[in-house]
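Asker: Input: one structure, supplied below.
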Amino acid sequence: MNQSKPTVNPPLWLLAELTYRCPLQCPYCSNPLDFARQDKELTTEQWIEVFRQARAMGSVQLGFSGGEPLTRKDLPELIRAARDLGFYTNLITSGIGLTESKLDAFSEAGLDHIQISFQASDEVLNAALAGNKKAFQQKLTMAKAVKARDYPMVLNFVLHRHNIDQLDKIIELCIELEADDVELATCQFYGWAFLNREGLLPTREQIARAEQVVADYRQKMAASGNLTNLLFVTPDYYEERPKGCMGGWGSIFLSVTPEGTALPCHSARQLPVAFPSVLEQSLESIWYDSFGFNRYRGYDWMPEPCRSCDEKEKDFGGCRCQAFMLTGSADNADPVCSKSPHHHKILEARREAACSDIKVSQLQFRNRTRSQLIYQTRDL
């Protein structure tokens, strides 16, 4: 009998990464660098079975993500199946490929919520970052169409050194589009963002200015009765304590990749840990019994100084993927923490950001050709 079941809660949030296909080339994409090697995708029926198992375990929220989930022709069918099972459903999209007829189909299928991402507040920078000259106008048109259909609408802007100084214009755009919520999420350095970190990490001064801009707008909007919610997420590279990543490893979040690998966070597949496939094991068995999902649960795995730290119940030892990327071992204390013996790695990144002169055009953009080239080079 599995003794861990009574103490491990079910995954409340399921993220379905339906595909790695995407019409954009954002240099901060969280998809794996080797996505070009991974062409397989779960079928409609296989995804619906994943939803059924997750719902039976107690999952309540389902996000459709990618890549770009709109590239899946069966998306309305998947939305309907999820809604019939009782999920609250959220479409996380770039808006590229979205049409008014698709919005109507999604509404009829029962979609609850839509999040549209922008790269910048102006067409020129948006095009440079997305690798698509028509993207900005398409996003504007679809954001207005989403709002016209009374969807709760979130606009998402990934902030970095090349767009963070236009934060006031970004917020003004969100107000104009009547967003319900605005995610001003400073770049999290995983996947392609980690590859481009030196050219993306804002300086400490940029972060401080951005925090003040957000504070000023919150005050101004509250005074005018504007109910748009501004969520500003700072990079933990400028913190002294790590984030409680995903609310704790294998605690509330479960992600399934396009080909069916189950993960406790978006980036965990890069770790030297075996994660099972939903095609080979049930979700229940994966969540409660698999080595991968139990590897960093609780506190027994922790090294010092985490093991004896009085803050471990807040941050759960920090991010395992970040520890792996920066130190070579996921077992190490997250270098973000000032108590970590590897904190100098974060200090080095801050110094690099302070003197970086990398232009947008010099970033490595997320596309199939670049993905193939990276791994051809690494395999030599």
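Each Cβ is built from the backbone N, Cα and C atoms, and glycine gets one as well.
OK, Swiss-Prot features for this one:
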type	residues	note
DOMAIN	8-223	domain 'Radical SAM core'
BINDING	Cys22, Cys26, Cys29	[4Fe-4S] cluster binding site
Asker: Just to confirm my parser: what is the rounded mean pLDDT across the domain 'Radical SAM core' (8-223)?
Answerer: 97
Asker: Please list, in sequence order, every residue of the chain apart from Cys22, Cys26, Cys29 whose Cβ lies within 8 Å of the Cβ centroid of the [4Fe-4S] cluster site.
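Answerer: Other same-chain residues with Cβ inside the cutoff are Leu24, Gln25, Tyr28, Asn31, Gly67, Ser94, Trp192, Arg366.
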Asker: Over all shown protein chains, what is the count of other CB atoms within 10 A of the CB belonging to Cys22 ([4Fe-4S] cluster binding site)?
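Answerer: A count of 23.
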Asker: Please list residues from the chain of Cys26 ([4Fe-4S] cluster binding site) whose Cβ is under 8 angstroms from its Cβ, counting only those at least six apart in sequence.
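Answerer: The list for Cys26 ([4Fe-4S] cluster binding site) reads Gln119, Leu129, Ala130, Gly131, Val158, Trp192, Phe365, Arg366, given in order along the sequence.
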Asker: For Cys29 ([4Fe-4S] cluster binding site), list the number of other Cβ atoms lying within 10 Å of its Cβ atom.
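Answerer: Cys29 ([4Fe-4S] cluster binding site) is surrounded by 24 other Cβ atoms within 10 Å.
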Asker: DSSP on Cys26 ([4Fe-4S] cluster binding site), three-state: which is it?
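Answerer: Going by the DSSP assignment, Cys26 ([4Fe-4S] cluster binding site) belongs to neither helix nor strand, so it counts as coil.
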